[in-house]
Ligand code: GDP
């Protein structure tokens, strides 16, 4: 018996050891940026340097140029924007990296916000000519709210841009965070020759090996003191680098990994994703600095707060995204789960907390761009897709033990409202099915007129309507007419709708759960409605 117990303990220890090692290897992150800053290009280059793809720029026709492996939905190619957030995994040196592909278009913020909850860190890509742009600010604010540490990559150094010191100052002022340069560019625009890694004072000089950075760059490394002798940079560039580095040494912010993880400082890197200059150094630093999955807060069933430890708590995960018909060859819906703790095994039976029942996690898969591969096992930080026969909703927690729920995901109030109907009344059934699927995925919210005769949809951004119509056409074969309504905000109405005195420019509708909703032309109208109806309660939606 003693012997048997000893063996059990050893086996358990090695299983835990494997789980701990796999967790420590994981880096789960998202890229945040304003459209066009270079997120897609960087994604592709990360795949190139990890050996996942052999040549960058493989796929055809995006914005008249390239489509990358991570952009795969028909509409994304037509519109040149990234619409769906997919996740992909790749290995780099000893690390296992999970990249959450967040949609870059500003209209698509709601989906992006939810995806960010699944990330342990973020890479903020900034265009060196444009600095901190609107969408970057918004996404950075979400990272701060969620306590996600952010690394900064200043991109497009091969084009004329703003002085690096100015960009550092802008990051600090616009985002209210300290910026600390880990490397520094040698020259910029056509004179961009390399980077200096500040920790060791070594200069990495790059040489282009293939047009458009299709293959890795050649690198020659020299000590800073020998840069002049390399003959690769002009006297002006040399003087500028020396000046900047001295200034940074005297006045720059100190950097420590602890301060980065605490969200006090963002490490700043300079690169050109298109030419691959600086990409490899960045990736090395990212793997060294970015955190592996940590403990996550949850609410126990009795209301207590608890933390879910990635290693000590048996398997748990939550749904951060739903999507139907991702691949025309597999017409089904997928729930994307972020694993928060424990080891996942195929066909595992887990507790579905909201439904209070057990579910078998059959046919799990991970995504490598368009290709699906079946997952036999997965670890904290990993993202898996599960075929969803209508069981999962966004925010659902599942676990081996049950008894807790991860904190609810952030929700955003709709700002756009529209009437929608199928052009062919005979397609009503397919229309209703498609609409309810899109609502379940969180693409839009569905509402109805009080007499049930009209369907309405609500969204955070205009693009969501476009996606809705596109997907109804392509996936459900339903052409639709959509008329946008002149409302910008809404509230649930508690109290008798018959005695409610609506302000002008408002409309009373029902949501999917039959709750009465008032749509208003603007915030002022909502305030007026509150003043006029002291016996009713107008609750903000979200
Ligand atoms: P996204 O919208 O953030 O995904 O941006 P993309 O990666 O699609 O890049 C937008 C445009 O900038 C494309 O034409 C890219 O080829 C170009 N681009 C991206 N990175 C660089 C870079 O480092 N240098 C230059 N010159 N162009 C770049």
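Each Cβ is built from the backbone N, Cα and C atoms, and glycine gets one as well.
What TrEMBL lists as domain 'Tr-type G' is 24-294.
The GTP binding site annotation in TrEMBL covers 33-40, 101-105, 155-158. In the three-state DSSP assignment, the secondary structure recorded for residue 157 (GTP binding site) is coil.
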Open item on the list: What's the number of neighbouring CB atoms sitting within 10 A of the CB on residue 157 (GTP binding site)?
Closed with: 28
TODO: Measure from each Cβ of the binding-site residues 33, 102, 157 to the atoms of ligand 1 and list the residues where some distance is under 6 Å.
DONE: 33
Open item on the list: By a 10 A CB contact count over all chains shown, which of the binding-site residues listed here is most packed: 33, 102?
Closed with: 102
- [ ] Using all protein chains shown, find which of the binding-site residues 36, 39 scores highest when you count other CB atoms within 10 A of its CB.
- [x] 39
